[in-house]
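Among the features that Swiss-Prot reports, compositional bias 'Acidic residues' is placed at 311-326, 526-540, 1070-1081. What Swiss-Prot lists as compositional bias 'Low complexity' is 1001-1011, 1047-1059. Sequence annotations record features per position, and here Swiss-Prot assigns region 'Disordered' to 1-27, 308-337, 526-546, 1001-1022, 1047-1081. As annotated by Swiss-Prot, repeat 'HAT 1' applies to 54-86. Swiss-Prot lists 117-149 with the feature repeat 'HAT 2'. Residues or ranges marked as repeat 'HAT 3' by Swiss-Prot: 204-236. Taken from Swiss-Prot, the feature repeat 'HAT 4' applies to 243-277. The repeat 'HAT 5' annotation in Swiss-Prot covers 444-477. According to Swiss-Prot, the feature repeat 'HAT 6' maps to 479-514. According to Swiss-Prot, the feature repeat 'HAT 8' maps to 711-745. As annotated by Swiss-Prot, repeat 'HAT 9' applies to 747-779. Taken from Swiss-Prot, the feature repeat 'HAT 10' applies to 781-815. What Swiss-Prot lists as repeat 'HAT 12' is 856-887. The repeat 'HAT 13' annotation in Swiss-Prot covers 892-926. Look at Swiss-Prot and you will find 928-962 tagged as repeat 'HAT 14'.
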Amino acid sequence: MPPKMRSSQENVAVSSDATIQASSASSPLQDAMAAVTSLFPLTSPFPDPAKDDTLIPAADILLEQELLRNPDNFRSWSSYIDHIINTNVVKRPPPDVSLTTYQAALLGPLASSTQRTALRRLTSIYERALAQFPTRYSLWRDYLQNRSRFVLGDPKGGSDAKRKRDLQAAREKLDFGPTLIDSVEDEDFGSAYRGGLDGTVGWQEWKSLAALYERALMWLPTMPRLWLSYLSMFIHPQCPPILSFTHARRTFDRALRTLPGSLHLRVWKVYLKWAERRGGETCLRVWRRYLRVDPSLTERYVSILLAQREDQDEPEGEEEEAEDDAQSDRSRKQSGSKALEASKLLLGLARSAMDGTYVSPEGKSPFQLFVEWLELTEKYPEEIGLDPEEEKKYLQHSVALTSDNGMTNARRAPRHIQGKGTAAREIAKASSSKHPETDALDPTRLNVTAIIQKDGLDKFSDQSGRLWTGLATYWIKRGEFDVARDTFEAGIQTVKTVRDFTQIFDAYAETSENVIAFMMDELTEEGGDEEADAEDQEETREDKEAELDRRMQEFEELIERRPLLVNDVLLRRNPDDVQEWEKRVMLYGDNDEKIIETYREAIQKINPRKATPNFHQLFLNFAQFYEYGGSAGLAKRMAEGVEGQEEEEQAEQVEGDLESARKIFEKAITIPFRRVDDLAEIWCEWAEMELRHSNYDEAIRTMARSVAPPRNTKGIQYHDDTLPPQTRLFKSLKLWSFYVDLEESLGDVESTKRVYEKMLELKIASAQIIINYAAFLEDNKYFEESFKVFERGVELFSYPVAFEIWNVYLSKFVKRYGGAKLERARDLFEQALDKCPARFCKPLMLMYGQLEEEHGLVKRAMKIYERATRAVSTDDRFDMYVFYIAKAAATFGLAATRPIYERAIESLPDRQTAEMCLRFAALERKLGEIDRARVIYAHASQFCDPRTQTDFWKEWNQFEIETGSEDTFREMLRIKRSVQAQFNTDVSYIAASALASAQQNQAQRGAQGSSNGHVREDDVDASDPMARVEAASRSAGARQTAFVAASTAASGARSADTTIGDVAKNDEVVGGDDQDDQDLL
């Protein structure tokens, strides 16, 4: 538009405003407003220096002359403009004294007369410059910024600070996509400015500024910064409504039409902010236009829709309630369309997120978006969803379409389904690009049930509890309680987790309680009111009471069904859970029909390879159920305190069904269990059942059938899981053990021997089986066959298993024959010791030596004991030497033990060598060989630390006091110092270690009580801490008994010879802690 035409329009507007002001009534406030308004206009028409002498002060005449001489020199114009800004514009000028505070606030930056003059001077110089340079962008930009400062106010921190803020925001946020709207909701645009001209008082200046922007855009229509600056003016809170509504919307549209598409998002950023501040239908239409270009901000648009919908739900005043019906209907229709539009948009976003074509700017998952849609549906059920009858018609129509036309898309709505009171619509057009369920402008309501089933339950099975309760809540909000109940029941029957079940059940129970409470309150209120028609009232009340009784009964049944419903959930989650099936049987109590049905269903559904442990127990319990005549028989059998006669009476009263039980066992033995032992347990329990009912022959036939091998047994391994358990069952030791026990109890000797021989043939017999077989033959007087079984056993097994067999074998052989077959016994002992490990030699050697002592030669016994000192392990060698010495002393005398002591000292470890030296020295002293004893003490001293092994040094000290001289005593002290230097270590560390060990041993002795009464207590100096520590360590380290009976080591012996034990007990006294060895003689 040309400038002259705009000036004429502005003058017309000014005259009209003046006429309105003149026609208004006079008042103090209006007088103040009129006084302020009279100051305007300042810039229209443009200030002319020829008509206003104040525009050019005397100091600026030289600059004016420079412009006259060089009118085309832009630098001269720029210098003059900078001079006027620096000399006239003040950032925060004080207002005029004649103005009140209120008037100064209305005028803002123009409250000072100097600033009004500065505005006129700036306008004059810029307009004259633009007449020379109408297309210069920098000139227009500076002019608009300076003019805007007088109208909009000063930016916070000044223009430089605002420029920095804009640059920083541009770096942090991109002008596209989800970050398009970066301002906080309800943010005031005016907070970025300080002050500003009131839109009513300074209407002329606001209009003049808008006209200036229009002129700039007429000359520079493609400059985006000019457009953005102009559009930002409409967001200012003091912008006049005449500019900030229709004019602003049209200006935004012109900007979008003028600027290229690459700059549109920068315009939309301001446009959408302006639309949100305007609100109403304008906001919705602007947002819809933008979402066609960029749907990424759909969530923001949905929040705007819901905010407007909630604003319409606010309580209205009495006057608004009295409006005509047409207007209220129109309002409800508009609000309903907003809720429906928001619902369809959210549904579309959720589906897009599920397909992976949409990512929420707020980081919401597809399920969160779907739950938001569900919550919106719960909040506005009448406006969004179909009625139950309409949903049924929808389903029928979908089925008809599928059968007639082959259509599989169940989401298409039939043409007869529409909102209440609307005309029929077509199902969908073939050319339509949007689905009716996600087309926001389509008024067709949604089939909520079908959507939740297809988009929710089928895709978010782990959140089914929330979805089912949401659907039920939707029907409750619509008043469809029966449909809600069916929904709860359907949810309970389909969920697979206890969490979802609990969520649904709690909501179901709470809803039932609320409905019952409401009906009871309603009946109570009706009982207090007096009605005219008593008969109708009575009939209505009876119907309501009947309905209340029905609902209360349903609620009680629901509470009673809860354990079964929880069990249903657990079985749906894992139908192979055997324990849950057992719990289900227990829940049915004495309902035999349900119990049988449950057992059969469990057997049918459980996969043996995936079943939890004890799947076989399910068959056993089922068989026992039939065996004892159902749940009543089982309950009587499990009752406590029942006598034998009472049990017989109960057995007579409740007859079992053995044929059905046998059928269950027949079914069980065909199941491919994971473990062979489970199948073996089935066979064993089957035989046990036959035994309980005195069917002994049937029991033996059952076990013989169970161990029957397959035709081809080659290559079958018991632990080969690739083969079915039925194929590997014939190698089950558990099954054979039960079979052989059954034969021993009910069969004859020959049949039992055949079973044992079959086990040995299959090489599945254990050492215990060998011993049991031999014991069975021995009990039946087959002694030699028993010994043959032992021989076969030691050939089958190696050590350490063979040790147990040898131990029992040798004990029984010696007990049977004694010295009658001595050479054979010797051969057996030599055979046992041939490959025996060192740790198992001691019991066999002691038994061998005892045999020679009792039935053979003492000399051979001594050789055996001497051989044992070399054959046994290091841990047993000391005890073996002590035993050997005791036997040698008792047989040949004390002097004969000297070579044994010498060999012991050479072969034993250092710690045991010192102990053996003490014994050797005591022996020599007993024989009167004092010098030999002293030499032995000196030899043993090198192994004894004086700090820790004080017993040795005390004994040597006492020995020297009693038998030595001053020289020998000094020699003993010299050796002690030498040894102490040899063991030179940290004394404090040793003391701490010894003290800790002593405290630990003392605590153990305190727990043992009086059992440690044999420990000797030495006299200890109470003032010496080291002595107390050593005494405690010495007490804790008390020596054990010197001799070990052979029977104590033979742990696997089935029966031990008491003679060996007696000898061992007698021998334990020999070589003990006694100083006197007269007991050896």
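Glycine residues also receive a Cβ, built from the backbone N, Cα and C atoms like all the rest.
When averaged over the repeat 'HAT 9' (747-779), pLDDT in the model lands at 90. By the count of Cβ pairs under 8 Å, the stretch nearest in packing to the repeat 'HAT 1' (54-86) among 117-149, 243-277, 892-926, 928-962 is 117-149. Highest Cβ contact count with the repeat 'HAT 2' (117-149) among the listed stretches 204-236, 243-277, 747-779, 892-926, 928-962 falls to 204-236 (criterion: pairs under 8 Å). Within the chain carrying the repeat 'HAT 9' (747-779), a Cβ under 8 angstroms from the stretch's Cβ atoms is held by residues 700, 707, 709, 718, 730-733, 736-737, 739-740, 785-787, 789-790, 792-793, 796-797, 801, 804-805, 808-809, 812, 1052, 1054, all 6 or more beyond its ends. For the repeat 'HAT 4' (243-277), the residues of the chain that approach it from at least six positions outside its boundaries are 175-176, 180-181, 183, 189, 199, 206-207, 210, 217, 221-222, 224, 227-228, 230-236, 283, 286-287, 290, 293-294, 297, 304, judged by C-beta separation under 8 angstroms. Panel annotation: around the repeat 'HAT 3' (204-236), residues 1, 3, 6, 10, 13-14, 17, 40-44, 110, 134-135, 137, 140-141, 143-145, 147-148, 150-152, 189-190, 193, 196-197, 242-244, 247-248, 251-252, 255, 258-260, 263, 266-267, 270-271, 273-274, 277 of the same chain, lying at least six beyond its termini, place a Cβ under 8 Å from a Cβ of the stretch.
Here the repeat 'HAT 8' (711-745) is broken down by DSSP into helix, strand and coil counts: 20 helix, 0 strand, 15 coil.
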